[in-house]
Amino acid sequence: MKNLQATTTLHNGVKMPWFGLGVFKVEEGPELVNAVKAAIKNGYRSIDTAAIYGNEEGVGKGIKEGLQEAGISREELFVTSKVWNADLGYESTLAAFETSLAKLDLEYLDLYLIHWPVEGKYKDAWRALETLYKEGRIKAIGVSNFQIHHLEDLMKDAEIKPMINQVEYHPRLTQKEVQAFCKENGIQLEAWSPLMQGQLLDNETLQEIASKYNKSVAQIILRWDLQNGVVTIPKSTKEHRIIENADVFDFELTGEDMKLIDGLNQNHRVGPDPDNFDF
Ligand SMILES: NC(=O)c1ccc[n+]([C@@H]2O[C@H](COP(=O)([O-])OP(=O)(O)OC[C@H]3O[C@@H](n4cnc5c(N)ncnc54)[C@H](OP(=O)(O)O)[C@@H]3O)[C@@H](O)[C@H]2O)c1
């Protein structure tokens, strides 16, 4: 894990960058397009969006312009989107995929995820993802917000095991059991809201560690993700923070500091509980 382009190899052999840009809550418009372009310009090779974010067109525009300006080919970028709950079902997921791809103006996706484990619906959607994967329209397929029991249930009938599980993950929610289960099953864990949506930046323990390494709290948290073997996708629309967040490849947290950060866990979520949501 030497630089921003470093990758983890998913269980199907596809390489995915350890680090990427998230664009949740960023509306269509120049701020979004510029954030995606700034990320690519500054070395990011992974962008995470979703149909429900309502911003796939701007993400696609940012990708197109960003690649062109940086002189990089599409194959060097890893693009993720997600199928929304209302579209879970075999035919409806196939259709949702086409809509996302058209909005992004891309030929294929690198990763397509089931956004939430809606009971009674995710297995049909998974069959659709398997179809698209076998057709070569998606390089890797995965899930998001799946607890261990959701993964076990899905894998009972699945032909292809998910390559990724993207879950809320930060020092207040360290997800040790989910992580261990994913590791045993060759599923790469990916962190959403790695910065706890900005709510951890004034944490004293993290501030003390940050000053010791001469790094920011955000950088300490993101480095902790990487050293835990977790793919991370912090969101920022500000170029200076896009640069700052990715500047985590020139230092290493000691085992002791890793444990101190682990110790901040309170099983506290900022997002919905995957076992109790109604959308
Ligand atoms: N699968 C899912 O269900 C799910 C759910 C939520 C999110 N996600 C994905 O995960 C990505 C990241 O999660 P998130 O957007 O919820 O939260 P996050 O990345 O934990 O935090 C983003 C917030 O932190 C601020 N920030 C970023 N870098 C900073 C820095 N260096 N210093 C100070 N503030 C900083 C950002 O503000 P500025 O933009 O103003 O810098 C923004 O308000 C999302 O964008 C999305 O792609 C997935």
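Along the chain as shown, the residues are counted starting at 1.
Just so you know, glycine gets a Cβ as well, placed from its N, Cα and C.
TrEMBL does not curate its annotations; it predicts them automatically.
Model, not experiment: these values are computed from the prediction.
Sequence annotations record features per position, and here TrEMBL assigns domain 'NADP-dependent oxidoreductase' to 30-265.
Around Tyr53 (active site, proton donor), taking its Cβ as the centre, 21 other Cβ atoms fall within 10 Å, counting all chains. TrEMBL lists Tyr53 with the feature active site, proton donor.
Marked as site 'Lowers pKa of active site Tyr' by TrEMBL: Lys82. Lys82 (site 'Lowers pKa of active site Tyr') has a Cβ environment of 26 other Cβ atoms inside 10 Å.
With a 10 A radius on its CB, His115 (substrate binding site) counts 21 other CB atoms from all the protein chains. Following the DSSP three-state reduction, the secondary structure of His115 (substrate binding site) is coil. Feature annotation from TrEMBL assigns substrate binding site to His115.
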